[in-house]
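Enquirer: Here you go, one structure.
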Amino acid sequence: MQISIITVGKLKEKYLREGIDEYSKRLSAYCKLQVIEVNDEKAPEEMSAAEMEQVKRKEGERILAQIKQDQYVIALAIDGQMWSSEKLSAEMDKLALHGRSQVAFVIGGSLGLADQVLKRADALLSFSKMTFPHQLVRLVLLEQVYRAFRISRGEPYHK
């Protein structure tokens, strides 16, 4: 399976980079992983609703340019479905069974995802009703994808 993580902005925090590097290494035994960082749009501290939509739209265009036509897209969105780790594993198994070997997970910037990205998504996933920094979500996502592969193969993993 080929997994792409398409995310807005560059990761600067060393502690997050170390965690992401660790899970990327672990995942290499299960899939081909690609992390694609698209540039975030520069935005002032105080923005109108129209300016916020414009920022999301520009970031969305950059995201959509990275999505391949045949990829199954799972967008992380606050109003997405909340899945257990077992459900994520089952969904990934189902995709593989149906020949959908290319999966893209999309993480928006600090303002979230543009409507055009949400419309392109095949599924919307939420980790919580809480809001997390999008950089931290990268690490959590990689850990959950790793956990999903371990569950799928019946390998031990902390519950």
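Positions of Cβ are set from backbone N, Cα and C atoms, glycine also.
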Enquirer: Please state which member of L76, L88, L95, L97 Swiss-Prot lists alongside G108, F127, S128, K129, M130, T131, F132 for binding S-adenosyl-L-methionine.
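Expert: It is L76, as the record lists it for that site.
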Enquirer: Among all protein chains shown, how many Cβ atoms are found within 10 Å of the Cβ of S128 (S-adenosyl-L-methionine binding site), not counting that one?
Expert: 10
Enquirer: May I ask you to report the DSSP-based helix, strand or coil state of M130 (S-adenosyl-L-methionine binding site)?
Expert: coil
Enquirer: Determine the C-alpha span of the S-adenosyl-L-methionine site listed in the record, that is the greatest distance between any two of L76, G108, F127, S128, K129, M130, T131, F132, in Å to the nearest whole number.
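Expert: Among the residues the record ties to S-adenosyl-L-methionine, max Cα distance equals 16 Å.
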